[in-house]
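Novice: Quick one: this structure, given as structure tokens, is what I'll be asking you about.
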Amino acid sequence: MLSALARPAGAALRRSFSTSXQNNAKVAVLGASGGIGQPLSLLLKNSPLVSRLTLYDIAHTPGVAADLSHIETRATVKGYLGPEQLPDCLKGCDVVVIPAGVPRKPGMTRDDLFNTNATIVATLTAACAQHCPDAMICIISNPVNSTIPITAEVFKKHGVYNPNKIFGVTTLDIVRANAFVAELKGLDPARVSVPVIGGHAGKTIIPLISQCTPKVDFPQDQLSTLTGRIQEAGTEVVKAKAGAGSATLSMAYAGARFVFSLVDAMNGKEGVVECSFVKSQETDCPYFSTPLLLGKKGIEKNLGIGKISPFEEKMIAEAIPELKASIKKGEEFVKNMK
């Protein structure tokens, strides 16, 4: 069922660069001047699916917008600077993508970003709840395992919560899993599709290699190494950049892939499947990432975990306590906000 619905990785991204698909999606990027925000905005500007791109940040957005506006694609671009301009940036938006926040430095976990990024996400999502309550909200800001519960609680406070429209963007985990499996097996990565479930940090990232399309087999030691590499791939990039940032280019690609899939589904395209960290009843965790069938109104159907191996079952059991703690931390943050 799942593999039949899942299209090859990156198909939405490639299609968005072709001229056949036409649409009028109005997309906002909050945190558009940052390391992820700039390349993400470039990919969105390059897509015929997007008709209006509004960019928000606390610095440099007029420059980023001016630069992007010279590109010969149809999306109009406008930059907005500072909190007083945020409402105008959000009005009429169909999709809001939030990569805002501080990046990881060597030695930091995603959870170390909590104190700074929790406040940023709570502030930005409160503005979304007020000025574009019906938009699809895509959260990239880490720690996603906590920032999605924060977003949900903020929307509840404003009385506009719709769990089918709030997404934690975990797509980079899938993109990495596809790339690493393809590398090991000598396959074309565009033809590999590995569902990744759970959360978006360390051992909560659970690649379901047993469900990979095409089917692949690894000896247990190689499977354990591959799984560990997928889980710690973000740290691999942080270390390689030696203090100069975290994964920005691959994250921008993954964020764009998710947005294009979402817009495709909103346009009525059928069979669009992406994994995302969302409100869930698949486990006893209130939020969990699984493959989702996307539709015109967001999540059309949660496709669940499916058939998994004992190794994957064990990973889920080990991930759940950490996931629950991160979720609770996010929920408590909003409850304690003044």
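Counting starts with 1 at the first residue shown.
Glycine too: its Cβ is placed from the backbone N, Cα and C atoms.
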Novice: Select one of M108, M251: the residue that Swiss-Prot places in the NAD(+) site alongside G31, A32, S33, G34, G35, I36, G37, D57, N117, I140, S141, N142.
Specialist: M251
Novice: Assuming the binding residues for substrate are exactly those in the record, R104, R110, N142, R176, what is the maximum CA-CA distance in angstrom, rounded?
Specialist: 18
Novice: Going by C-alpha positions, which of the recorded positions (H200, K301, K324, S326) is nearest N142 (substrate binding site)?
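Specialist: So, spelling it out, the nearest of the recorded positions is H200.
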Novice: Could you tally the C-beta atoms, other than its own, that fall within 10 angstroms of the C-beta of K307 (N6-acetyllysine)?
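Specialist: By my count, 9.
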Novice: Could you check which of the recorded positions S33, H200, K296, K335 is the closest Cα neighbour of R110 (substrate binding site)?
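Specialist: Checked the recorded positions S33, H200, K296, K335; minimum Cα distance to R110 (substrate binding site) goes to H200.
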